[in-house]
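Engineer: Mind looking over this structure? Questions follow.
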Amino acid sequence: MNRRRFLAAAGTSTSVGIASFAGCLGGTDYDAAADAAGDDTDWPTFGHDGRNTNYNPQGTAPTDSPSERWRVESYRTTAQPVVDDGTVYAPVAADVLAIDAKSGEVKWSADPENRGAIYWAPPTVHGGVVYLGDGNERLRALDAETGEVLWERTFDDEAFEAIYGAPTVTLRGITVGTAGGNVYTVDPATGETVWNSSVFGRIESTLAWDPPLLYAVTSGGDVYTFGSGGRGYWHVALPGTSKATPAVVEGRCYVGCHDGKLYALDQGAIQWSTDVGGFARGGVAVADGRVFATDGVGLSVLDAESGDKRWSAMVGGNGYETPVVVDDTVYVGGKKLYGLTVGGGVGISLARVGERRFSRSFGGRVSHVAGGGGLLVAGVSENQDDHYVVAFE
């Protein structure tokens with residue numbers, strides 16, 4: 001893919017992002033997160049979009065008694081699947097499977113020899129190209145239809161440059177953070193470095209791009225922001241460590257911390273923090289004036305503007321299950337696969353009626369979930385040895 005094609009595909013999401021600054025987070029019927037998430041009904045990257053909202057406002061997914069369309073036997077699902085243009089891309093330990101969304105047929109895999117490069121994040125699919133980072137310090141571009149490697153590169157640095165987050169489509173290229181504490185933007189057609197910058201600490205999550213700023217969170221709990229050319233803007237040190245991916249809506253950054261709190265940051269200042277219990281380790285979803293986060297035991301739902309708790313539900317997770325919202329339903333894994341209403345039904349705290357649309361048990365655990373292309377896709381472990389990628393409709 002040439003650079004002109006890349007910029008044409010990127011242009012729509014960038015213009016939507018700039019326009020979204022005019023709204024507000026709460027207090028009206030306006031859903032700022034829906035504007036931030038955009039109108040892509042697929043799920044082409046971690047968190048659905050560059051802001052990591054984990055919200056697909058225009059998408060469809062099963063809301064009542066979902067049935068299996070297909071299941072593919074695999075290794076354990078290690079990151080959120082993505083869905084783009086009729087293909088599901090599922091990270092399964094040392095490989096990424098490209099699966100036909102209709103039939104469940106495996107079209108190709110990114111690392112068929114399973115050379116030990118664990119994929120801790122999904123790829124990002126953009127303009128017919130799959131961009132993929134791995135734990136062996138590689139960043140690659142593959143043809144989405146065939147899996148052919150278009151280019152591959154490592155980064156010349158003395159630090160360990162493993163990539164634990166999904167690549168992010170930004171104004172000037174494809175951007176990744178590394179375990180060596182570096183941020184690189186590369187040319188999408190060649191992989192050559194456009195700019196790079198560094199932070200103090202390891203980056204072990206996906207970056208967030210809310211034009212004009214790029215957000216990076218280190219494992220030490222530092223949140224950094226950069227302009228499109230790599231110039232640093234504001235920086236906030238959180239009170240605890242973090243491996244959580246930030247979500248950004250209208251310049252407000254939401255990020256979980258290992259002190260058990262979820263933080264909202266704006267213009268370099270902490271706007272609020274709320275104790276959600278346990279470890280807020282995974283990503284969050286932002287939708288309809290609410291922030292959805294898991295804590296290792298349950299799902300907590302907070303007011304996006306104030307941080308006040310709206311409702312909660314027990315799901316029996318481990319804190320890494322990122323909730324996702326498709327239309328008006330929130331989906332989350334744990335001991336079961338859960339589908340819950342965004343509003344949480346009626347009641348107080350855990351004593352609620354009408355919040356659950358369905359729950360489905362598999363005898364083991366449900367890990368990472370995504371909803372796109374009319375499907376709900378999840379990693380399912382029926383026991384310690386039997387793992388599947390499952391599509392529901």
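Cβ atoms here come from the backbone N, Cα and C positions, even for glycine.
Pasting the feature list from TrEMBL:
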COMPBIAS  52-65  compositional bias 'Polar residues'
DOMAIN    67-199  domain 'Pyrrolo-quinoline quinone repeat'
DOMAIN    259-333  domain 'Pyrrolo-quinoline quinone repeat'
REGION    41-69  region 'Disordered'
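Looking at the shown structure, can you explain where the listed features end up?
Structural biologist: Residues 31, 33-34, 36-37, 39-43, 46, 206, 208, 245-249, 283-287, 292, 322-327, 329, 331, 339, 357-358, 371-376, 392-393 of the same chain lie 6+ residues outside the compositional bias 'Polar residues' (52-65) yet bring a C-beta within less than 8 angstroms of a C-beta in it.
The DSSP breakdown of the domain 'Pyrrolo-quinoline quinone repeat' (67-199) into helical (H, G, I), extended (E, B) and coil residues amounts to 0 helix, 64 strand, 69 coil.
Here the domain 'Pyrrolo-quinoline quinone repeat' (259-333) returns a mean pLDDT of 89 for the predicted model.
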Engineer: Taking helix as H, G and I and strand as E and B in DSSP, count the residues of the domain 'Pyrrolo-quinoline quinone repeat' (259-333) in helix, strand and coil.
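Structural biologist: The domain 'Pyrrolo-quinoline quinone repeat' (259-333) comes out at 0 helix, 40 strand, 35 coil.
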Engineer: Let's see if you can do this one: DSSP helix, strand and coil counts over the compositional bias 'Polar residues' (52-65), in that order.
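Structural biologist: The compositional bias 'Polar residues' (52-65) comes out at 0 helix, 2 strand, 12 coil.
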